Amino acid sequence: MSISSDEVNFLVYRYLQESGFSHSAFTFGIESHISQSNINGALVPPAALISIIQKGLQYVEAEVSINEDGTLFDGRPIESLSLIDAVMPDVVQTRQQAYRDKMAQQQAAASAPASAAGGSIAGNAKNGENTANGEENGAHALANNHSDLMEVDGDVEIPQNKAMVLRGHESEVFICAWNPVSDLLASGSGDSTARIWNLSENSTSSSTQLVLRHCIREGGQDVPSNKDVTSLDWNSEGTLLATGSYDGFARIWTKDGNLASTLGQHKGPIFALKWNKKGNFILSAGVDKTTIIWDAHTGEAKQQFPFHSAPALDVDWQSNNTFASCSTDMCIHVCKLGQDRPIKTFQGHSNEVNAIKWDPTGNLLASCSDDMTLKIWSMKQDSCIHDLQAHSKEIYTIKWSPTGPGTNNPSANLMLASASFDSTVRLWDVDRGICIHTLTKHQEPVYSVAFSPDGRHLASGSFDKCVHIWNTQVGRRVCRCCDLVLTSCGLIQYPLPPDGGASAQLQRDGRDLRGVLECSGRQSGSQRVRWICEYAGLRIGCSFP
C-alpha cells in the first residue's frame, strides 16, 4: 500500500469542491499545486474521499466485532461508529469492554425473577407519542382497524432475481426524473451525459435510450464537458427536459433528445434546477451564490438573484413567479420575479440549510439543516411556526406527503418526512408539531425518502444499501430490499398498477447508496427507474453505477 501527499491533497481538493467550498478549494489548490500533479481527475469518482473514509470506518467496526481469538461477537457489539469515535485511542478495546458489560447486565436481568407485568403497554407511553416503528401492539391494533392497508406483519424481502438490466452510463448515476405524460425516464450521470430511456410496454427494445451529451465549445468545436450531470426536471407537459451540470450550464432538451437551449450565466456548478408549474420558467441554483429564473422559450435569463452569501443548495417554486432558496449561509430567501430584493428572509438555522420544500398549498415552507433541526415557516411571520428537534444528526432531505388540501387526497392528514444522518426517518404531524412515527430499521445515514401517490406508504434509501417500504399509518416496515450492490448500471422493470406508483433515485457512493427519492404522480401506464422493486402494487426504484 502506498499513499502520496499529492493523492491525499487531490482527494481533499475534490471534497472541498463537491461540498461547495469553492473559495477554500481554490486556495487549497494553489497552495498544494494541484494543477501540477499527474492525477487524471476524470478517472476519480465523485465523493472519493468520503468513500475511502467510510471503508476505514467499516474496517474499525470489523475490528470491534471480532474477539482476540478471531471469533465473532454474538450479536452487534456497537452502534455505528462516527468518524471521531473511530480515531479515538483504544476504541476497539473500549467498545468491546462496554459490550461485554452490557451483555453481563442483560444476562443478570434475565435470570432475575420476572416482575408483575399486568399494566398495559399503552399506560407506559406518553400521551401523543408512538413507539418507534409502531411496534407490535400499536401496529397490530391499527392494522385491525384498517383492513385495506398493506400487510404489516410480514416483513417481505423483495427478490432481486426479477431484474432487467439496462446498461449505458459509464459512471455514477446521480439523478433520475420521470416524464409526467409518457413512459420516458431521464437519468443524469458523472459521465457528462443525461439519457432518456423509452420504457413503454410496446417498445421494441427494453434498453432504448437517447444519449444527451453535455458539451462545451473549445477551439471552435464541441467537446465533452467531463462534468457531472446532477439535476434533472421535466416540464409539466412532458415535452421538455431541463438538466443542470457541474460545468455551470443548464440545458433544455426535447423529449426526442435534441438540444433546444443552453443556459449559461452561472459561474460554477449548478446544484438544483426546477420548472415552474406553468412551464414558462426554469429556476436554477448554483455554487456562485445566485439563483436564476430562465425564460424557457428564449433561453435567456429573466432575472438573477444574488442575495445569498454562500452557495445556494436548493430551490422550490411557491407559485409560477415566486420561489424560495436555501444556502450554506444558513438563510432562506423568498424571491419574486421583478423584485430587486427578497420579499421574505427566514433566519433561524445555525448551520447549512440542505433542502426546502413548500407544502402542497404553498402556505408552509419546510427546511432541514445540518443543525439537526427541521423548521416550518409561514409567510405571515418572521419566526418559524415549528422548530422540530428530534433528530440527533444532520437532516439531509425532507418530503411532504401528497395528502391534505391541494392534493388528490384531501381527506388524508398532511405529513412531512425527514431523513437524517442519525439513520432514522421521522414522520411529522405538522399541524400539531409532533413526531408521529420514528422509523429505525436503517443502520447508516438515510439520504432518500419518497411517498407513494396516496400517501399511505413511504420509501427510504440509505448508506446501508437497503431500500425500505413503510406503512405511514402504523409506522412499520412492510418490505425491504437490501445489498443493492452492483458493478454496472441496472434497471429492474415492473408494470405499474392503474393508481400510480412510487419511484426513487439513489446514488451509490463507493459501495453504498445515497440520493434523493422522487415520488411519481402518474395515474396510468407503466413507470420504471434504474432499479425497481415492487410490493403489493408499490414500486421503488434506484439509480446506481
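Going from the start of the chain as shown, residues are counted 1 onward.
Glycine is treated like the rest: Cβ placed from N, Cα and C.
Annotated region 'Disordered' per TrEMBL: 104-139, in sequence order. Annotation source TrEMBL lists repeat 'WD' at 166-207, 229-253, 263-304, 346-387, 388-438, 439-480.
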- Chain residues in Cβ proximity to the repeat 'WD' (229-253) (below 8 Å; excluding those fewer than six residues from its ends, i.e. six or more beyond): 174-182, 184, 186-190, 192-194, 196, 212, 214, 216, 259-264, 266-275, 277-279, 282, 284, 286, 288, 294, 296, 299
- Query: Within the repeat 'WD' (166-207), how many residues are helix, strand or coil going by DSSP?
  - Reply: 0 helix, 18 strand, 24 coil
- Secondary structure of the repeat 'WD' (229-253) by DSSP, residue by residue, totals 0 helix, 16 strand, 9 coil
- Item | For the repeat 'WD' (263-304), the mean pLDDT of the predicted model | 96
- Going by DSSP, how much of the repeat 'WD' (263-304) is helix, how much is strand and how much is coil, in residues? 0 helix, 22 strand, 20 coil
